[in-house]
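According to Swiss-Prot, the signal peptide annotation covers 1-19, on the basis of experimental evidence. The repeat '1-1' annotation in Swiss-Prot covers 21-25. Swiss-Prot lists 32-58, 67-172, 84-110, 111-117, 123-167 with the feature disulfide bond. The feature repeat '2-1' is assigned by Swiss-Prot to 50-54. Here Swiss-Prot flags 73-77 as repeat '1-2'. Per Swiss-Prot, repeat '2-2' is recorded for 102-106. Annotation comment: Swiss-Prot describes 129-133 as repeat '1-3'. The annotation repeat '2-3' is assigned in Swiss-Prot to 158-162.
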């Protein structure tokens, strides 16, 4: 009998379901540990709540960073288009949801190592990584860091689609 395998699968499922950073309609506040930046992004959408739950994974990419949160980078129902400054990587997100507007406003946590610059020749934007109301899964390619996000909102679907920018960092 394969009962240990069944227990592991059930445990894995329970662990994953509890891994969301935010609740439906709740605040989101996530920062990678010092010296890490965002490596993976996952999200699911609920038509009932007209909101997304989010999860992030991090990877060691920085040595001695200085970090800051931006001001809000989008208005309700408007385009979000943001890139960190040269040499910076995205290491966190902060947002809150408004039930009347069924949207989120976002702040982004950028971190920079001294003497690091963005190698703009290596930068690339993804296409949209999720469909309206669909799951979102994105992994930053090996040896790259997450540097930018684009998101558009649709008032009929009350959801956002997302694109991400990744770049390599180089010594300045």
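The backbone N, Cα and C atoms fix where each Cβ goes, glycine too.
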Distance check against residue 117 (disulfide bond) for the disulfide-bonded residues 32, 58, 67, 84, 110, 123, keeping those with Cα within 10 Å: none
Candidate disulfide-bonded residues 32, 84, 111, pick with smallest Cα gap to residue 67 (disulfide bond): 111
Among 67, 117, 167, 172, which are disulfide-bonded residues, the residue with the most C-beta atoms within 10 angstroms of its C-beta: 167
List of residues, in chain order, with Cβ under 8 A from that of residue 123 (disulfide bond) and at least 6 apart: 147, 165, 166, 167
Of 32, 58, 172, i.e. the disulfide-bonded residues, those within 10 Å of residue 84 (disulfide bond) when Cα atoms are compared: none
By Cα-Cα distance, the member of disulfide-bonded residues 32, 58, 172 nearest residue 110 (disulfide bond): 32
Nearest recorded site to residue 111 (disulfide bond) by CA-CA distance, among disulfide-bonded residues 32, 58, 172: 32
Between residue 172 (disulfide bond) and residue 32 (disulfide bond), the C-alpha gap once rounded to whole angstrom: 24
Spatial neighbours, same chain, of residue 32 (disulfide bond) - Cβ under 8 Å, 6+ residues apart: 38, 56, 58, 91, 92, 109
